[in-house]
(Lines of atoms letter the chains of each structure in order from A and count residues from 1; the text may use other names and numbers.)
(Lines give C-alpha, C1' and ligand atoms only; values in the text may rest on other atoms or scores of the structure.)
Protein backbone atom coordinates (compact mmCIF):
# COMPACT_ATOMS: atom_id res chain seq x y z
CA UNK A 1 0.00 0.00 0.00
CA UNK A 2 2.85 2.36 0.80
CA UNK A 3 4.44 1.70 -2.59
CA UNK A 4 1.12 2.31 -4.36
CA UNK A 5 0.79 5.67 -2.57
CA UNK A 6 4.35 6.70 -3.40
CA UNK A 7 3.88 5.77 -7.06
CA UNK A 8 0.72 7.91 -7.13
CA UNK A 9 2.63 10.84 -5.63
CA UNK A 10 5.40 10.45 -8.23
CA UNK A 11 2.80 10.41 -11.02
CA UNK A 12 1.14 13.55 -9.64
CA UNK A 13 4.45 15.45 -9.55
CA UNK A 14 5.39 14.23 -13.02
CA UNK A 15 2.01 15.38 -14.37
CA UNK A 16 2.45 18.71 -12.59
CA UNK A 17 5.85 19.18 -14.30
CA UNK A 18 4.24 19.08 -17.75
CA UNK A 19 1.01 20.90 -16.87
CA UNK A 20 0.42 23.80 -19.26
CA UNK A 21 -3.13 24.54 -18.06
CA UNK A 22 -4.65 25.03 -14.63
CA UNK A 23 -7.01 22.06 -15.10
CA UNK A 24 -4.08 19.68 -15.66
CA UNK A 25 -2.39 21.11 -12.57
CA UNK A 26 -5.57 20.50 -10.52
CA UNK A 27 -5.72 16.93 -11.87
CA UNK A 28 -2.11 16.41 -10.74
CA UNK A 29 -2.96 17.68 -7.25
CA UNK A 30 -6.07 15.47 -7.19
CA UNK A 31 -3.96 12.37 -7.89
CA UNK A 32 -1.50 13.51 -5.25
CA UNK A 33 -4.31 13.95 -2.73
CA UNK A 34 -5.63 10.45 -3.37
CA UNK A 35 -2.12 9.12 -2.70
CA UNK A 36 -1.51 10.89 0.61
CA UNK A 37 -2.21 7.81 2.73
CA UNK A 38 1.57 7.40 2.81
CA UNK A 39 1.73 9.50 5.99
CA UNK A 40 -0.87 7.39 7.79
CA UNK A 41 0.85 4.22 6.65
CA UNK A 42 4.23 5.52 7.81
CA UNK A 43 2.79 6.25 11.24
CA UNK A 44 1.23 2.79 11.33
CA UNK A 45 4.66 1.32 10.54
CA UNK A 46 6.15 3.29 13.44
CA UNK A 47 3.48 2.08 15.87
CA UNK A 48 4.00 -1.53 14.74
CA UNK A 49 7.74 -1.20 15.31
CA UNK A 50 7.42 0.43 18.75
CA UNK A 51 5.91 -0.30 22.14
CA UNK A 52 4.11 1.79 24.76
CA UNK A 53 7.36 3.31 26.04
CA UNK A 54 8.88 4.17 22.65
CA UNK A 55 5.77 5.11 20.66
CA UNK A 56 5.91 8.83 21.50
CA UNK A 57 9.55 8.82 20.42
CA UNK A 58 8.62 7.17 17.13
CA UNK A 59 5.90 9.72 16.43
CA UNK A 60 8.33 12.51 17.28
CA UNK A 61 10.77 11.08 14.72
CA UNK A 62 8.01 11.24 12.10
CA UNK A 63 7.46 14.85 13.14
CA UNK A 64 11.21 15.44 12.95
CA UNK A 65 11.18 14.17 9.37
CA UNK A 66 8.42 16.68 8.61
CA UNK A 67 10.47 19.45 10.20
CA UNK A 68 13.54 18.62 8.13
CA UNK A 69 11.33 18.70 5.05
CA UNK A 70 9.95 22.01 6.29
CA UNK A 71 13.54 23.32 6.42
CA UNK A 72 14.73 22.03 3.04
CA UNK A 73 11.49 22.03 1.01
CA UNK A 74 10.47 25.72 0.87
CA UNK A 75 14.05 26.89 0.35
CA UNK A 76 14.66 24.35 -2.41
CA UNK A 77 11.30 25.09 -4.06
CA UNK A 78 11.96 28.84 -3.95
CA UNK A 79 15.43 28.36 -5.43
CA UNK A 80 14.20 26.15 -8.26
CA UNK A 81 11.31 28.51 -9.02
CA UNK A 82 13.50 31.62 -8.91
CA UNK A 83 15.37 30.93 -12.14
CA UNK A 84 12.78 28.67 -13.69
CA UNK A 85 11.98 30.53 -16.90
CA UNK A 86 15.63 30.83 -17.85
CA UNK A 87 15.67 27.04 -18.32
CA UNK A 88 12.07 26.01 -19.05
CA UNK A 89 9.06 27.59 -20.65
CA UNK A 90 6.54 26.51 -18.01
CA UNK A 91 6.47 28.22 -14.62
CA UNK A 92 6.86 25.76 -11.80
CA UNK A 93 8.37 22.99 -13.91
CA UNK A 94 11.75 22.82 -12.17
CA UNK A 95 10.28 22.49 -8.63
CA UNK A 96 7.93 19.78 -9.95
CA UNK A 97 10.79 17.83 -11.53
CA UNK A 98 12.76 18.16 -8.30
CA UNK A 99 9.77 16.77 -6.37
CA UNK A 100 9.40 13.94 -8.90
CA UNK A 101 13.02 12.89 -8.43
CA UNK A 102 12.58 12.80 -4.64
CA UNK A 103 9.39 10.74 -5.06
CA UNK A 104 11.22 8.19 -7.20
CA UNK A 105 14.03 8.00 -4.63
CA UNK A 106 11.37 7.41 -1.94
CA UNK A 107 9.93 4.49 -3.92
CA UNK A 108 13.39 2.93 -4.19
CA UNK A 109 14.04 3.31 -0.45
CA UNK A 110 10.77 1.63 0.53
CA UNK A 111 11.15 -1.11 -2.07
CA UNK A 112 14.69 -2.01 -1.05
CA UNK A 113 14.90 -1.30 2.68
CA UNK A 114 11.47 -1.36 4.37
CA UNK A 115 10.19 -4.79 5.44
CA UNK A 116 6.63 -5.67 6.46
CA UNK A 117 6.11 -4.79 10.12
CA UNK A 118 3.39 -7.32 10.98
CA UNK A 119 3.44 -11.06 10.49
CA UNK A 120 0.49 -12.60 8.61
CA UNK A 121 -1.17 -13.94 11.75
CA UNK A 122 -1.25 -10.44 13.29
CA UNK A 123 -2.72 -8.64 10.29
CA UNK A 124 -6.35 -7.60 10.43
CA UNK A 125 -8.43 -9.18 7.63
CA UNK A 126 -9.41 -6.80 4.85
CA UNK A 127 -13.12 -6.86 4.10
CA UNK A 128 -14.75 -4.12 2.06
CA UNK A 129 -18.43 -3.59 1.32
CA UNK A 130 -20.48 -0.54 0.35
CA UNK A 131 -21.43 0.16 3.96
CA UNK A 132 -17.81 -0.30 5.01
CA UNK A 133 -16.65 2.07 2.27
CA UNK A 134 -19.05 4.72 3.60
CA UNK A 135 -17.50 4.34 7.06
CA UNK A 136 -14.07 5.08 5.59
CA UNK A 137 -15.12 8.35 3.89
CA UNK A 138 -18.07 9.71 5.90
CA UNK A 139 -16.94 12.48 8.30
CA UNK A 140 -19.58 11.36 10.82
CA UNK A 141 -18.31 7.79 10.82
CA UNK A 142 -14.70 8.93 10.89
CA UNK A 143 -15.37 11.03 13.99
CA UNK A 144 -16.90 7.98 15.67
CA UNK A 145 -14.16 5.58 14.42
CA UNK A 146 -16.87 3.09 13.39
CA UNK A 147 -14.63 1.56 10.70
CA UNK A 148 -12.13 0.42 13.36
CA UNK A 149 -12.84 -3.00 14.85
CA UNK A 150 -11.98 -4.50 18.25
CA UNK A 151 -12.33 -1.24 20.18
CA UNK A 152 -13.75 -1.29 23.69
CA UNK A 153 -16.47 1.22 24.57
CA UNK A 154 -13.97 3.28 26.57
CA UNK A 155 -11.44 3.30 23.73
CA UNK A 156 -14.10 4.29 21.23
CA UNK A 157 -15.31 7.10 23.51
CA UNK A 158 -11.80 8.48 24.02
CA UNK A 159 -10.96 8.23 20.31
CA UNK A 160 -14.19 9.94 19.29
CA UNK A 161 -13.44 12.89 21.57
CA UNK A 162 -9.81 12.99 20.49
CA UNK A 163 -10.86 12.87 16.83
CA UNK A 164 -13.17 15.86 17.35
CA UNK A 165 -10.37 17.78 19.05
CA UNK A 166 -7.94 16.88 16.27
CA UNK A 167 -10.40 17.94 13.56
CA UNK A 168 -11.35 21.30 15.13
CA UNK A 169 -7.72 22.11 15.88
CA UNK A 170 -6.46 21.33 12.36
CA UNK A 171 -9.49 22.96 10.69
CA UNK A 172 -8.70 26.35 12.23
CA UNK A 173 -4.93 25.92 12.49
CA UNK A 174 -4.41 24.87 8.84
CA UNK A 175 -6.56 27.74 7.59
CA UNK A 176 -4.62 30.34 9.56
CA UNK A 177 -1.31 28.71 8.62
CA UNK A 178 -2.30 28.79 4.93
CA UNK A 179 -2.96 32.55 4.96
CA UNK A 180 0.33 33.52 6.63
CA UNK A 181 1.95 33.67 3.19
CA UNK A 182 -0.72 36.21 2.14
CA UNK A 183 0.06 38.33 5.20
CA UNK A 184 3.83 38.26 4.80
CA UNK A 185 3.62 39.05 1.07
CA UNK A 186 1.03 41.85 1.15
CA UNK A 187 1.79 43.44 4.52
CA UNK A 188 5.53 42.84 4.86
CA UNK A 189 6.41 42.56 1.11
CA UNK A 190 8.20 39.23 1.58
CA UNK A 191 9.50 37.63 -1.61
CA UNK A 192 9.29 33.87 -2.27
CA UNK A 193 12.88 33.50 -1.05
CA UNK A 194 12.19 35.49 2.13
CA UNK A 195 9.17 33.30 2.81
CA UNK A 196 11.38 30.26 2.25
CA UNK A 197 13.79 31.61 4.86
CA UNK A 198 10.86 32.21 7.21
CA UNK A 199 9.80 28.55 6.93
CA UNK A 200 13.47 27.59 7.33
CA UNK A 201 13.53 29.23 10.78
CA UNK A 202 10.22 27.60 11.74
CA UNK A 203 11.48 24.22 10.56
CA UNK A 204 14.76 24.58 12.49
CA UNK A 205 12.89 25.29 15.74
CA UNK A 206 10.58 22.32 15.16
CA UNK A 207 13.49 20.02 14.26
CA UNK A 208 15.42 20.92 17.42
CA UNK A 209 12.38 20.34 19.63
CA UNK A 210 11.25 17.14 17.94
CA UNK A 211 14.74 15.75 17.71
CA UNK A 212 15.49 16.66 21.31
CA UNK A 213 12.50 16.90 23.63
CA UNK A 214 9.54 15.32 21.78
CA UNK A 215 11.20 12.00 20.99
CA UNK A 216 12.09 11.48 24.65
CA UNK A 217 8.50 11.76 25.84
CA UNK A 218 6.68 8.82 27.38
CA UNK A 219 2.91 8.27 27.12
CA UNK A 220 2.07 10.70 29.94
CA UNK A 221 4.63 13.21 28.73
CA UNK A 222 3.15 13.14 25.22
CA UNK A 223 -0.31 13.77 26.64
CA UNK A 224 0.89 16.76 28.66
CA UNK A 225 2.89 18.12 25.71
CA UNK A 226 -0.18 17.92 23.46
CA UNK A 227 -2.23 19.89 25.98
CA UNK A 228 0.42 22.58 26.37
CA UNK A 229 0.86 22.80 22.58
CA UNK A 230 -2.85 23.36 22.01
CA UNK A 231 -2.91 25.92 24.81
CA UNK A 232 -0.04 27.81 23.17
CA UNK A 233 -1.52 27.89 19.65
CA UNK A 234 -4.17 30.61 20.29
CA UNK A 235 -1.46 32.93 21.64
CA UNK A 236 0.69 32.40 18.55
CA UNK A 237 -2.07 33.45 16.18
CA UNK A 238 -3.09 36.34 18.44
CA UNK A 239 0.48 37.65 18.00
CA UNK A 240 0.08 37.33 14.23
CA UNK A 241 -3.20 39.26 14.50
CA UNK A 242 -1.32 42.06 16.28
CA UNK A 243 1.27 42.02 13.47
CA UNK A 244 -1.52 42.62 10.96
CA UNK A 245 -2.48 45.88 12.70
CA UNK A 246 -1.09 49.11 11.30
CA UNK A 247 -0.02 50.42 14.71
CA UNK A 248 0.00 47.53 17.20
CA UNK A 249 0.62 48.26 20.88
CA UNK A 250 3.97 47.74 22.63
CA UNK A 251 5.90 46.16 19.74
CA UNK A 252 6.42 46.79 16.04
CA UNK A 253 4.45 44.66 13.52
CA UNK A 254 7.50 42.62 12.48
CA UNK A 255 8.34 41.79 16.11
CA UNK A 256 4.74 40.68 16.71
CA UNK A 257 4.95 38.58 13.54
CA UNK A 258 8.11 36.75 14.57
CA UNK A 259 6.88 36.32 18.13
CA UNK A 260 3.82 34.59 16.67
CA UNK A 261 5.89 32.47 14.28
CA UNK A 262 8.20 31.26 17.06
CA UNK A 263 5.24 30.33 19.28
CA UNK A 264 3.64 28.72 16.21
CA UNK A 265 6.76 26.56 15.71
CA UNK A 266 6.87 25.62 19.42
CA UNK A 267 3.25 24.46 19.43
CA UNK A 268 3.44 22.72 16.03
CA UNK A 269 6.48 20.71 17.14
CA UNK A 270 4.36 18.79 19.65
CA UNK A 271 0.66 19.07 18.79
CA UNK A 272 0.01 16.61 15.95
CA UNK A 273 2.67 14.01 16.81
CA UNK A 274 1.63 13.88 20.47
CA UNK A 275 -2.10 13.65 19.69
CA UNK A 276 -1.30 10.88 17.21
CA UNK A 277 0.64 9.07 19.92
CA UNK A 278 -2.37 9.43 22.24
CA UNK A 279 -4.65 7.92 19.59
CA UNK A 280 -2.28 5.01 18.94
CA UNK A 281 -2.18 4.27 22.67
CA UNK A 282 -5.96 3.73 22.64
CA UNK A 283 -5.88 1.14 19.84
CA UNK A 284 -5.29 -2.63 20.02
CA UNK A 285 -2.19 -3.77 18.12
CA UNK A 286 -4.20 -5.09 15.17
CA UNK A 287 -6.27 -1.92 14.81
CA UNK A 288 -3.66 0.82 15.05
CA UNK A 289 -3.47 1.24 11.29
CA UNK A 290 -7.23 1.77 11.14
CA UNK A 291 -7.19 4.24 14.03
CA UNK A 292 -4.34 6.27 12.55
CA UNK A 293 -5.94 6.10 9.10
CA UNK A 294 -9.22 7.50 10.45
CA UNK A 295 -7.34 10.19 12.39
CA UNK A 296 -5.32 11.20 9.34
CA UNK A 297 -8.50 11.24 7.23
CA UNK A 298 -10.02 13.70 9.68
CA UNK A 299 -6.84 15.75 9.45
CA UNK A 300 -6.93 15.69 5.64
CA UNK A 301 -10.57 16.81 5.65
CA UNK A 302 -9.71 19.64 8.06
CA UNK A 303 -6.71 20.71 5.96
CA UNK A 304 -8.88 20.73 2.83
CA UNK A 305 -11.77 22.76 4.26
CA UNK A 306 -9.86 25.01 6.69
CA UNK A 307 -7.90 27.04 4.10
CA UNK A 308 -11.08 27.65 2.07
CA UNK A 309 -12.84 29.24 5.05
CA UNK A 310 -9.77 31.10 6.29
CA UNK A 311 -8.96 32.49 2.85
CA UNK A 312 -12.53 33.72 2.40
CA UNK A 313 -12.44 35.33 5.84
CA UNK A 314 -9.01 36.85 5.15
CA UNK A 315 -10.02 38.56 1.92
CA UNK A 316 -13.49 39.58 3.15
CA UNK A 317 -12.75 40.67 6.73
CA UNK A 318 -9.02 41.33 6.80
CA UNK A 319 -6.09 39.67 8.50
CA UNK A 320 -6.60 41.14 11.98
CA UNK A 321 -10.18 39.92 12.34
CA UNK A 322 -9.38 36.52 10.79
CA UNK A 323 -6.47 35.75 13.11
CA UNK A 324 -8.22 37.18 16.17
CA UNK A 325 -11.34 35.06 15.63
CA UNK A 326 -9.18 32.03 14.82
CA UNK A 327 -7.20 32.39 18.04
CA UNK A 328 -10.43 32.56 20.04
CA UNK A 329 -11.87 29.44 18.35
CA UNK A 330 -8.60 27.56 18.96
CA UNK A 331 -9.27 27.85 22.69
CA UNK A 332 -12.08 25.28 22.24
CA UNK A 333 -9.94 22.24 21.28
CA UNK A 334 -7.38 23.23 23.95
CA UNK A 335 -10.05 23.16 26.66
CA UNK A 336 -11.51 19.91 25.28
CA UNK A 337 -8.10 18.22 25.42
CA UNK A 338 -7.47 19.36 29.00
CA UNK A 339 -10.84 17.87 30.00
CA UNK A 340 -10.27 14.59 28.13
CA UNK A 341 -9.76 11.63 30.44
CA UNK A 342 -7.78 8.80 28.81
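Heads up, the Cβ atoms here are built off N, Cα and C, so glycines get one too.
Curation plays no part in TrEMBL annotations; they are all automatic predictions.
From the options 142-159, 196-213, the stretch TrEMBL describes as transmembrane segment is 196-213.
Here the transmembrane segment (58-81) has long-range neighbours at 42-43, 46-47, 49-50, 91-92, 94-95, 98, 192-193, 195-197, 199-200, 202-204, 206-207, 210-211, 214-217, 222, 269, 272-274, 276-277, 280, meaning same-chain residues at least 6 beyond its ends whose C-beta is under 8 angstroms from one of its own. The stretch from 96-114, 225-244, 321-340 that makes the most Cβ contacts under 8 Å with the transmembrane segment (165-184) is 321-340.
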